[in-house]
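J.: This is the structure I want to talk about, given as structure tokens.
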Amino acid sequence: KENNEDFANYLQFNLMSNFIDNLGTSGRSNSSRGSKKFSRTITDSPKSEQNLRDILKSASVKMKVTASKDIRKHYKVNDKVFSKSLNDIDKCTSSGNRGIHFIQSSEVRTLEDIGCWNIDIFGVSEVSNGHPILTVVHNIFKQDLEVGEFTTSTLLRDLEVNEEKFFRYVQVIESQMHPENVYHNAVHVADVVHNMLWLLTKGEMAARLGLSKFEVFTSLFACMIHDFDHPGVSNDFLVRTSDKRAVLYNNQSVNENWHVAQAFGLLNEHHEEISWDESWTEDCLFKFRKLCVSMVLATDMSRHFELLGKFRNRVVSSPNAEEAFNPLDAKDRETVLVMAIKACDIATQGKEWKLARKWAMLVQEEFYSQGDKEKDLALTVSPLCDRENVDIVKSQIGFIDAVLFPLYEPLSKVLPNAKCVLTQLERSKSMYKKEMAARSSSQKSLKSSSI
């Protein structure tokens with residue numbers, strides 16, 4: 001914590017909330033033991049449970065609001081965001097007053113490097129005139145990409161998905177990804193979908209787990225909707241400002257619940273133009289939605305260590321990590337898919353350096369934007385969100401060490417081809433350290449010249 005306080009605070013207050021909530025329980029409980037272990041990890045020195053509780057009650061606790069400030073008097077809800085009901089998409093389709101123009105399949109550009117881990121997704125967005133989700137998804141289901149024992153080009157037909165309506169649905173999803181969000185926008189979603197494609201194909205996840213066509217389609221679909229209509233702020237911000245989304249979902253995985261509910265709300269209204277699931281049985285739709293909900297809700301980072309801990313335990317306790325999960329067990333397959341979408345969602349620092357550094361800059365700017373809002377509302381600024389104090393290089397090194405390595409190490413034991421991501425993570429960390437050293441050297445030179 002002394003060396004990287006900003007990231008330590010982020011880890012405590014954002015990713016460890018499930019553990020922190022249990023700090024008041026008996027010292028004999030599992031949650032208390034987990035809290036003590038967490039304290040040693042962050043501070044590099046033992047701390048008592050009581051001491052950690054004192055820290056969380058201090059002035060730096062994220063939930064603390066400046067004295068006598070009533071948030072509801074200062075925070076104005078963006079009516080444009082919340083004016084639509086869960087299932088109201090008339091304005092997105094041609095039946096509304098401001099219907100979108102649906103792009104035809106013949107107009108979508110073919111990607112030569114589809115399925116390559118380091119595809120330049122920013123370039124895809126540029127050549128597609130701002131339609132990276134449609135372009136990636138269309139290429140996945142139109143090209144003959146090997147996924148286990150079948151190819152992606154046959155998936156829609158074999159699953160009785162109405163192809164024309166499905167690609168219209170994809171465009172409606174993309175139309176509600178807000179470009180004003182510098183990170184949580186269509187480019188990020190397209191990147192996550194493509195990451196999942198890589199894990200399924202070159203990562204050999206589909207082959208090793210014996211995933212069905214239904215499960216492959218569902219995993220790609222879940223990635224496509226996982227940040228649908230994202231507001232560009234964290235769950236914590238929505239909770240602290242009594243946002244309507246937080247009220248609707250009782251402060252629980254607010255954004256993630258909203259994403260998946262809104263996406264399925266589009267289908268539940270049975271809009272003729274986008275009802276791609278019209279041939280599916282009720283049982284099929286139930287299983288589809290159940291797996292999607294499980295995967296999307298898992299992207300809530302407050303559940304990160306809870307889910308990762310269970311996954312790691314399975315891997316560590318197995319004599320052969322590659323066989324830790326039974327391909328014949330649907331629950332085991334779901335467990336790996338849940339970890340896969342988490343890995344895909346936060347994979348940016350596992351890409352080649354020019355992409356990793358750009359993504360780091362974008363996510364940090366979105367954090368800063370939230371921090372600016374929090375200052376305007378007299379809220380304590382969330383960890384990593386204060387543009388005047390946060391060191392982006394240190395925070396990225398912290399994220400790689402504390403979050404990405406612990407996630408990709410067990411995943412790469414189950415899916416050995418994912419080890420190349422670990423190599424790139426090492427590269428990114430090395431580049432950040434070089435950047436930090438160069439900056440330190442420059443600062444010393446400036447001090448010397450000023451003497």
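Cβ atoms are placed via backbone N, Cα and C, with glycine included.
Annotations for this protein, taken from TrEMBL, read as follows:
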type	residues	note
REGION	26-46	region 'Disordered'
DOMAIN	85-439	domain 'PDEase'
BINDING	H184, N185, A186, V187, H188, D227, D345, Q396	AMP binding site
ACT_SITE	H184	active site, proton donor
BINDING	H188, H226, D227, D345	Zn(2+) 1 binding site
BINDING	D227	Zn(2+) 2 binding site
J.: Under 8 Å Cβ-Cβ from H226 (Zn(2+) 1 binding site), six or more apart in the same chain: what's there?
T.: V189, V192, E256, H259, V260, M295, V296, T299, I341, D345
J.: Determine which residues of the same chain, besides H188, H226, D227, D345, have their CB within 8 A of the center of the CB atoms at the recorded Zn(2+) 1 site, and list them by sequence.
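T.: So the extra residues in range turn out to be H184, V189, V192, C223, H230, T299.
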J.: List, in sequence order, the same-chain residues at least six positions removed whose CB sits under 8 Å from that of A186 (AMP binding site)?
T.: S125, G130, H131, P132, I133, E174, M177, P179
J.: At a 10 A cut-off on CB-CB distances, which of the binding-site residues H184, H188 has the highest count?
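T.: Per the Cβ count within 10 Å, the most buried is H188.
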J.: With every protein chain in view, what's the tally of Cβ atoms within 10 Å of the Cβ of D345 (AMP binding site), excluding that atom itself?
T.: 22
J.: Compute the average pLDDT of the predicted model within the domain 'PDEase' (85-439).
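T.: In the predicted model, the domain 'PDEase' (85-439) has a mean pLDDT of 94.
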J.: Please give the greatest C-alpha separation between any two of the AMP-binding residues H184, N185, A186, V187, H188, D227, D345, Q396, in angstrom, as a whole number.
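T.: Among the residues the record ties to AMP, max Cα distance equals 23 Å.
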J.: Count the Cβ atoms, other than its own, that fall within 10 Å of the Cβ of D227 (AMP binding site), considering every protein chain shown.
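T.: Here the count is 24.
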